[in-house]
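Q: Provided herewith is a single structure, encoded as structure tokens, for subsequent inquiry.
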Amino acid sequence: MKTLLLTFLVVTIVCLDLGYTLICHQLHGLQTCEPAQKFCQKRTTMFFPNHPVLLMGCTYNCPTERYSVCCSTDKCNK
């Protein structure tokens, strides 16, 4: 019985994802961030006049633009 429990414990530890990664919304679905990407962003930018573009996803640092949202919890940039 002890051997079975020990085996189960070892298999569980090996199968677990020991590192935490942030999950952010993209325009279509979710994105799992790289370990160094600590923030989710949602920002609107204009590449051309009167044509706003929405950008969403993981980022290394928070954008400082006027129409931007930056947060650091899972799925916070909806």
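The backbone N, Cα and C atoms fix where each Cβ goes, glycine too.
Per Swiss-Prot, the feature signal peptide maps to 1-21. Taken from Swiss-Prot, the feature disulfide bond covers Cys24-Cys40, Cys33-Cys58, Cys62-Cys70, Cys71-Cys76, and the record attributes it to similarity to another entry.
Quick one: how deep are these features, and who are their neighbours?
A: In sequence order, Leu22, Cys24, His25, Cys33, Met56, Gly57, Cys58, Thr59, Cys70, Cys71, Ser72, Thr73, Lys75, Cys76, Asn77 are the residues of the chain that are 6 or more apart from Cys40 (disulfide bond) and have a CB within less than 8 Å of its CB.
The 10 Å shell around the Cβ of Cys33 (disulfide bond) contains 18 further Cβ atoms across the protein chains shown.
Neighbour count (other Cβ atoms within 10 Å of the Cβ, all protein chains): 17 for Cys70 (disulfide bond). DSSP assigns Cys70 (disulfide bond) to a strand.
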